[in-house]
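Novice: After the structure tokens below, expect a handful of questions from me.
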Amino acid sequence: MLISGSSAALCALALPFAAAKSLWSDSPGNYSSFITTAFPLGNGRLGAMPIGSYDKEIVNLNVDSLWRGGPFESPTYSGGNPNVSKAGALPGIREWIFQNGTGNVSALLGEYPYYGSYQVLANLTIDMGELSDIDGYRRNLDLDSAVYSDHFSTGETYIEREAFCSYPDNVCVYRLSSNSSLPEITFGLENQLTSPAPNVSCHGNSISLYGQTYPVIGMIYNARVTVVVPGSSNTTDLCSSSTVKVPEGEKEVFLVFAADTNYEASNGNSKASFSFKGENPYMKVLQTATNAAKKSYSALKSSHVKDYQGVFNKFTLTLPDPNGSADRPTTELLSSYSQPGDPYVENLLFDYGRYLFISSSRPGSLPPNLQGLWTESYSPAWSGDYHANINLQMNHWAVDQTGLGELTEPLWTYMAETWMPRGAETAELLYGTSEGWVTHDEMNTFGHTAMKDVAQWADYPATNAWMSHHVWDHFDYSQDSAWYRETGYPILKGAAQFWLSQLVKDEYFKDGTLVVNPCNSPEHGPTLTPQTFGCTHYQQLIWELFDHVLQGWTASGDDDTSFKNAITSKFSTLDPGIHIGSWGQIQEWKLDIDVKNDTHRHLSNLYGWYPGYIISSVHGSNKTITDAVETTLYSRGTGVEDSNTGWAKVWRSACWALLNVTDEAYSELSLAIQDNFAENGFDMYSGSPPFQIDANFGLVGAMVQMLIRDSDRSSADASAGKTQDVLLGPAIPAAWGGGSVGGLRLRGGGVVSFSWNDSGVVDSCKADLSARGSDVSQVKFYVAGGRAIDCSS
């Protein structure tokens with residue numbers, strides 16, 4: 001990174017900089033407040049949360065595929081799809097809505113038996129008896145290495161513990177060591193379920209927990225803990241009932257934890273009878289644990305750290321520490337955080353968001369759910385499922401831009417294997433089309449693609465269009481044409497095919513445009529009914545979906561010219577979903593019926609501003625439209641008024657950032673941290689449990705928008721070779737003065753790094769554009785105020 005010498009020197013003298021790379025506390029977490037006090041570990045598939053208790057440690061354990069319900073509870077499970085088609089009701093629904101402006105879709109609603117839920121796997125217990133005279137305690141989660149540690153003294157004995165979850169070895173590892181000798185240690189696996197109760201057994205130096213979520217047909221799950229005592233001659237018979245007991249006197253003990261289920265997403269199709277069932281996991285888990293236990297602790301840790309840092313270190317953000325916060329426990333910093341803010345904490349949570357994504361999304365895992373990977377509950381809020389009218393999307397907002405694009409494979413596989421097969425049936429049974437696929441707002445891991453029973457939140461077939469935005473983003477940043485042809489484009493094309501079949505001429509305004517009918521804004525009106533036509537959110541999404549089909553046509557390798565012609569034809573008359581209403585707002589519906597100061601948590605009518613681009617890029621220079629965006633944001637409130645969610649605030653922060661309104665962007669960001677982030681850094685839905693991870697990831701996205709404006713461009717601009725204008729530092733607050741960023745990915749390929757002065761104005765930059773293809777447009781960089789800046793040297 002190029003930083004001008006005088007600027008860097010002045011910043012170093014003016015403000016201290018501290019690497020905000022660890023969460024720490026001088027006291028253990030609280031078992032009764034596990035989800036707000038424990039520090040999380042993960043390798044994509046496996047999750048662990050050590051509480052850090054002195055002598056009776058509890059580590060909460062998760063495996064990402066452990067769900068009850070679906071075909072593991074009933075052979076009649078259908079993904080919510082009806083037995084017979086309901087599509088015959090659509091013409092009448094549409095006619096009524098065009099005649100009256102609003103209507104309902106009650107004929108399309110359905111029940112969702114056997115939907116199921118994500119659930120906790122077990123607790124690992126580590127009992128060292130009664131310890132006294134505890135002194136010098138500290139626990140720490142190092143974000144640089146993804147290693148948890150704690151240490152303390154008990155009398156003359158110093159005890160240190162470390163834990164991590166390794167992607168290369170597919171296990172979590174926990175180690176205890178001492179300067180003299182460890183007390184007797186009893187290791188156990190516990191699960192409180194009684195119906196059906198799992199079987200816990202011990203053999204040699206291993207504990208196995210084996211269970212099923214439902215009698216006979218339930219999902220099989222297996223967890224194994226293998227204990228290793230380096231240098232000891234007795235490691236073959238450590239069992240005591242169903243626990244492993246290591247005698248007093250050892251200096252080092254470590255264990256490996258492996259787990260799996262018989263869930264198999266690739267069997268979620270008609271060929272496999274939508275069984276989602278794979279092989280019994282017992283032998284695989286046994287082999288994984290056995291292989292890992294043969295390695296030394298140092299070898300396991302070394303491969304884990306090398307793998308993790310190979311991803312995490314692709315991006316850096318450095319903000320100042322004006323308050324000397326690095327010297328205070330982060331649990332205190334987060335508990336006492338208040339506006340106007342603390343750059344050290346904001347930097348910490350940015351790094352933490354990237355850490356959490358690496359820990360919950362790895363090739364071969366499921367994508368992060370509403371709680372990422374971590375739950376201590378048998379029945380987490382909203383089933384710990386996948387909500388896709390903002391939450392799943394927000395989880396992936398900043399992934400590609402911050403160097404984590406290679407970790408998105410779980411999302412594409414999940415969509416292709418659990419949404420598309422069942423979603424093709426849903427398209428036919430609810431919407432009368434054999435073209436493409438559709439799903440709705442709430443999904444499990446068993447292909448639940450049908451509409452649930454409350455229209456206000458269940459009627460959301462636009463999930464396929466919004467998730468196609470993420471398909472395009474991944475291609476745009478990576479420029480991986482092979483991935484786009486083989487994986488991304490089939491998802492996007494199927495969504496576009498569905499919407500080609502559903503667009504109808506506007507018979508209310510009779511303006512010749514194509515609109516969606518029926519629709520409603522996510523979890524919002526316009527009425528209690530609550531369907532209407534031409535919803536802004538839908539129209540913007542479909543406009544961008546069709547635009548991406550055309551923009552990526554060459555890269556797709558598709559020779560289906562009839563499909564392309566259909567897209568081109570309907571794109572030309574599609575209502576783009578940008579209407580300015582009677583009080584200067586971006587209308588939420590084509591009908592101008594928005595209520596001023598409606599502080600609903602969603603910003604659905606501003607999708608095209610952020611994270612979309614039809615407003616921000618295509619019409620971003622139109623002051624009438626940008627004024628309407630501002631009016632809408634002020635009217636919508638701060639996100640406190642409706643449910644006080646963290647995700648609503650960081651969405652607002654990102655929108656303000658793209659308007660270059662720094663004070664509002666920073667205010668919303670700091671408000672989210674103040675109101676919603678617990679002492680362990682997890683985002684709490686309304687400021688208290690339940691935990692919902694979207695704002696952890698969304699905060700990263702919002703901060704990226706404060707750092708850079710690199711909006712997507714329309715297919716027309718791209719084909720015309722229009723220069724890609726990138727604004728560095730659209731909304732950097734003065735509190736972050738003298739900071740820097742390294743490794744920001746650019747659309748079309750390339751990386752930019754830059755630093756800024758004490759006022760938040762970028763004064764030095766360096767770009768590496770070698771990854772850009774010859775057919776990608778040129779990039780020009782600007783700073784606040786519209787001044788061009790040379791990033792070439």
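Even glycines carry a Cβ here, placed using N, Cα and C.
Small disclaimer: the values here were computed from a predicted structure and weren't measured.
Below are the features listed in Swiss-Prot for this protein:
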| type | residues | note |
| --- | --- | --- |
| CARBOHYD | Asn83 | N-linked glycosylation site |
| CARBOHYD | Asn100 | N-linked glycosylation site |
| CARBOHYD | Asn104 | N-linked glycosylation site |
| CARBOHYD | Asn123 | N-linked glycosylation site |
| CARBOHYD | Asn179 | N-linked glycosylation site |
| CARBOHYD | Asn199 | N-linked glycosylation site |
| CARBOHYD | Asn234 | N-linked glycosylation site |
| CARBOHYD | Asn323 | N-linked glycosylation site |
| CARBOHYD | Asn597 | N-linked glycosylation site |
| CARBOHYD | Asn622 | N-linked glycosylation site |
| CARBOHYD | Asn660 | N-linked glycosylation site |
| CARBOHYD | Asn757 | N-linked glycosylation site |
| SIGNAL | 1-20 | signal peptide |
Novice: Taking every protein chain shown into account, which of the glycosylation sites Asn323, Asn597 has the largest tally of Cβ atoms within 10 Å of its Cβ?
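Specialist: That would be Asn323, with the most Cβ atoms nearby.
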Novice: Using other CB atoms within 10 angstroms as the count, which residue among the glycosylation sites Asn199, Asn660 scores least?
Specialist: Asn199
Novice: Can you give me the same-chain residues 6 or more apart in sequence from Asn622 (N-linked glycosylation site) with a CB-CB distance under 8 Å?
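Specialist: Sequence-distant Cβ neighbours: none.
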Novice: Work through the glycosylation sites one by one (Asn83, Asn104, Asn123, Asn179, Asn757) and point out the residue whose CB has the fewest other CB atoms within 10 angstroms.
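Specialist: Each of the glycosylation sites Asn83, Asn104, Asn123, Asn179, Asn757 was scored; lowest Cβ tally within 10 Å is Asn83.
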Novice: Tell me which of the glycosylation sites Asn123, Asn179, Asn660 ends up closest to Asn104 (N-linked glycosylation site) in space, Cα to Cα.
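Specialist: In terms of Cα distance, Asn104 (N-linked glycosylation site) lies closest to Asn660.
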Novice: Measure from the CA atom of Asn660 (N-linked glycosylation site) to the CA atom of Asn179 (N-linked glycosylation site) and give the result in Å, rounded to a whole number.
Specialist: 55
Novice: Select the closest residue to Asn83 (N-linked glycosylation site) from the following glycosylation sites, measuring between CA atoms: Asn100, Asn123, Asn757.
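Specialist: Result: the closest of the glycosylation sites to Asn83 (N-linked glycosylation site) is Asn100.
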Novice: On a C-alpha basis, identify the one among Asn123, Asn199, Asn597, Asn757 that is nearest to Asn660 (N-linked glycosylation site); the candidates are the glycosylation sites.
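Specialist: Out of the listed candidates, the nearest Cα belongs to Asn757.
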Novice: If one measures from the C-alpha of Asn123 (N-linked glycosylation site) to the C-alpha of Asn757 (N-linked glycosylation site), what distance in angstrom results, rounded to a whole number?
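Specialist: With distance taken Cα to Cα, Asn757 (N-linked glycosylation site) is 49 Å from Asn123 (N-linked glycosylation site).
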Novice: Can you see whether DSSP assigns Asn100 (N-linked glycosylation site) to helix, strand or coil?
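Specialist: The residue in question, Asn100 (N-linked glycosylation site), is helix (DSSP, three-state).
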Novice: Write down the Cα-Cα distance for Asn100 (N-linked glycosylation site) and Asn597 (N-linked glycosylation site), rounded and given in Å.
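Specialist: So the alpha carbons of Asn597 (N-linked glycosylation site) and Asn100 (N-linked glycosylation site) sit roughly 25 Å from each other.
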Novice: Would you kindly give the Cα-Cα distance separating Asn199 (N-linked glycosylation site) and Asn757 (N-linked glycosylation site), rounded to the nearest Å?
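Specialist: Roughly 61 Å, rounded to the nearest whole number.
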Novice: Rounded to the nearest angstrom, how far is the Cα of Asn199 (N-linked glycosylation site) from the Cα of Asn323 (N-linked glycosylation site)?
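Specialist: Roughly 52 Å, rounded to the nearest whole number.
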Novice: How many other Cβ atoms sit within 10 Å of the Cβ of Asn100 (N-linked glycosylation site)?
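Specialist: Result for Asn100 (N-linked glycosylation site): 11 other Cβ atoms within 10 Å.
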